[in-house]
Amino acid sequence: MKFLTTGLLATAALAAAQEQHVLQAEDGHGQAPQRDASIFDETLQKFQSSLEDGISHFWSEMKTNFKDYLPLISLPKKHTRRPDSEWDHVVRGADIESVWVQGADGEKRREIDGKLHNYDLRVKAVDPSKLGVDPGVKQYSGYLDDNDADKHLFYWFFESRNDPKNDPVVLWLNGGPGCSSLTGLFLELGPATIDKNLKVVSNPYSWNSNASVIFLDQPVNVGFSYSGSSVSDTVAAGKDVYALLTLFFKQFPEYASQDFHISGESYAGHYIPVFAAEILSHKNTNINLKSALIGNGLTDPLTQYPQYRPMACGEGGYPAVLDQGTCRSMDNSLERCLSLIETCYSSESAWVCVPAAMYCNSAILAPYQQTGMNPYDVRTKCEDMASLCYPQLNAITKWLNQESVMQALGVEVQSYESCNSGINRDFLFHGDWMKPYHRLVPSVLEKIPVLIYAGDADFICNWLGNLAWTDALEWPGHKKFAEAKLEDLKIVNNKDKGKKIGQVKSSGNFTFMRIFGAGHMVPLNQPEASLEFFNRWLGGEWH
């Protein structure tokens, strides 16, 4: 997860005032028009009188302090779209939407629900021998195109190493918002990593050991994805993900009949409740969703933010990072932070959710970040802030930017970056950061099991906060889950049988896991443990 500096305040007014409209340049590349500062003035005057004093003051300060930054210009990624003839398959959403069938009641209905006519899916069969990533394993890459909105989402699919005809299919999503899921592929749970010499190294603990995995770069303008428009909230991104899965399973019906699971980490704590709810809202679908998994997620800020001070001040199982004075200062700031989040929860408006995010992140998160310690692992210093404290990302980025790699994958943008700070900014300043997406989890639990797991050395989405929000969640099984005790989680499937890897509690469709000795990215720090609980979860244990 990537947090913002105050230098990005300048864009708050722009994002809250008006969605970006896109003009088409003569070369076919989308270019955003210049935004007029008067839009900010007019919109501010319209809403300011209705805001609480503290929030109104925040926006007045924005206008005064950052006027010189207005207006701004936002440009899309440079890209060259490949003709359809260069792809092995092109699936038209309009064709799927046009199919009608007769139901058991004799009434005609569409075979598959959802707005799909504006979407296409382009598919390329990847030759593993050209890249050296999981040789012998069937792979596909390509783009989901929203032709109406000029959005193009990149994906890379790996078939299971074990039994692809029967093993489940899993979607993996990294967070940010704005970070590529290829980070998860090459740094965490995918079939290979890239060493400092840009050599491909196989990962024996890959999650495709017993499952087929789709890595998706979303929202648009993340990783190899691109667009002439933008997505700046989680709900809009959910429509794209539903379309991708629908068209993918239509092209590959051999996977559609198998169990499907949606998984991710960090800001995926926002994404997954929305995406799962979107899929489950459709009665007639070819997506066989069976469960959801969220690792070290941000899901319920109101319940999670009070746990930052304990985690940073020695109450999360690791030595304190902050001194007592700073810890007291965080305590003193918490009441106002929570008041702002509560107001955001009540209105879900950017005009109140943005101040909540800016104040809380400054008062509650910034003290830790100023120490130079890794916000994703309280045990280590941040080696390289530009690479999110993980220098390994530099090699991954260099490898993915090789022309031979991009050609083999059918990539249409000119370059790859692991995280797009512009996407992070847009989500934050549209108020998405603090919104109460946890409220969707009870309806999801009515239909499928949900696993919340957390590496216990992470600060930024720490295990204390994830335990707190799962215990506090109001759903029919709330009391039994909250009363359930954490029990030892042990390895059962290999030579290390009996080794403690964490703690687990479960009741009904809800499960929480604390994974020992892991930071924000559990599969990176504890690859054996992550594959252990992942395989057991897919196998139906705990639900």
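Backbone N, Cα and C define each Cβ position, glycine as well.
The model shown is predicted, which means the values in this text are computed figures rather than measured ones.
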According to Swiss-Prot, which candidate among CYS179, CYS313 shares a disulfide with CYS419?
CYS179
For the disulfide involving CYS360, grab the partner from CYS327, CYS337, CYS389 as Swiss-Prot records it.
CYS337
For the disulfide involving CYS327, grab the partner from CYS313, CYS344 as Swiss-Prot records it.
CYS313
Between CYS179 (disulfide bond) and ASP458 (active site), what C-alpha distance do you get in Å?
18
Using a 10 angstroms cut-off on Cβ to Cβ distances, just flag whichever of CYS313, CYS344 is the loneliest among these disulfide-bonded residues.
CYS313
Just name the winner among ASN210, SER266, ASN509 (the recorded positions) by count of other CB atoms within 10 A of its CB.
SER266
List the Cα distance (Å, whole number) between CYS360 (disulfide bond) and ASP458 (active site).
18
Have a look at the disulfide-bonded residues (CYS179, CYS360, CYS382) and report the one with the fewest Cβ neighbours inside 10 Å.
CYS382
Nearest to ASP458 (active site) by Cα distance: which of the recorded positions SER266, CYS327, CYS382, HIS520 is it?
HIS520
